[in-house]
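What TrEMBL annotates here:
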type    : residues                              : note
BINDING : GLU74, ASP117, LEU119, ASP120, ASP247 : Mg(2+) binding site
Amino acid sequence: NMASPALLMRVVASAYSVAEKAATIVRNVMAAGDLGIVEKTGANDLQTKADRLVQMSICASLARKFPKVTIIGEEELPADEVTEELIEDGHCEEILKKTCPAQYTGIKEEELVIWVDPLDGTKEYTEGLLDHVTVLIGIAYGGKAIAGVINQPYYNYEAGADVVLGRTIWGVLGIGAFGFQLTEVPAGKHIIVTTRSHSSTLVNDCISALNPDSVIRVGGAGNKIIQLIEGKASAYVFASPGCKKWDTCAPEAILHAVGGKITDIHGNSFQYNKEVKHMNSAGVLATLRNYDYYASRIPNTVKQSLVP
C-alpha cells in the first residue's frame, strides 16, 4: 500500500513540469521576435512579454493545484484571466519516487511560500545572452528555502542544431540536487562571479579586496549559482542592494542541498516567510565550499555601507 507522496514532493514535482512549460514560453517569445519590452524603473530593470506570460503560467498552474500555498512573483501583473494554454498540469514522476525528508512530511499547503522569478536575467535575454537566462521557482517553509527548481531554457544553445535545448535542475534539502554534474573549482583557485549590469564602485572595491585570480561577470542570480555548483566559480559576491527574494530562494535551496552556503554580505541568512521585505538589501555572498575564506575577507567599509 503506497502512501500518497508528501505535499512537498508533489509541489516540487509539479514545479518541475511548470518550469519546463515556462522554458517553452520563453523560447517561443524569443522565436516570435517581439519581446514586448517595458522599462520598469530604468534601462537595467526591464520586463518582457516572456516575464509576463511565464509568471502568469507558473502562478496560475501552481495555484490551481495548491490553492492554499502563498505564491509571490516578481512582476506586478493585472489579475487577468489566464488562458488554458498557459496552464501546466503535469508533474515529474522521478521526483515523486524520492522519499520526503522526515522533517517535511507534515507540511500543510498554507505553510508553504513559493517565490517565483519568471525570467531571471531579463536584460541579458533582451541582448541575446541566452545562456544567462533562468526560470526560478523557490519553495520556502518556516522562512527557510527548502526546495527549488532552476530551468535554463537555452542550456546547450550554442552546441549545434540537433541538440536538446534547455535543462531543469532541482533540489530539496535532505535529498540533494539533480540535473547537473556537481563540480568544485580546482583547489587554491579563487574565481569570483558577480553582476554584469549592476556594477558599482562598492561592488568592484569588494571584489578587489578579495584578490581573486579571475572575475566572471554574468547576468542572473540563478546563472551565478549554477557557476558555483558546476565548478566554474568559487564565490558569488554582490556588494549591492539590488537582489530580491525571488532571485535567491530557488538557488539557495539547490546550493544548500549540496552543502554550499549563501548569506548577505554580513553573514546573515535570508528569510523567506510571506511577510518579509522583498529586497536582499545587504547584498549576497555565496560559495559551494570555503565560505569562511571569503566571508572573512569582506572589507568593513563594504559591510558598513550595506544595511540589512
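Residue 1 is the first one shown; counting continues down the chain.
Any Cβ shown, glycine's included, is placed from N, Cα and C.
By the criterion of other Cβ atoms within 10 Å of the residue's own Cβ, the least surrounded of the binding-site residues GLU74, ASP120, ASP247 is GLU74. Note: the Mg(2+) site is recorded as GLU74, ASP117, LEU119, ASP120, ASP247; in the same chain, ASP51, VAL116, PRO118, GLY121, THR122, THR134, VAL135, LEU136, GLY220, ALA221, GLY222, LYS244, TRP246 also have Cβ atoms within 8 Å of that site's Cβ centroid. The 10 Å shell around the Cβ of ASP117 (Mg(2+) binding site) contains 31 further Cβ atoms across the protein chains shown.
Residue density at LEU119 (Mg(2+) binding site): 30 other Cβ atoms are found within 10 A of its Cβ, drawing on all protein chains shown.
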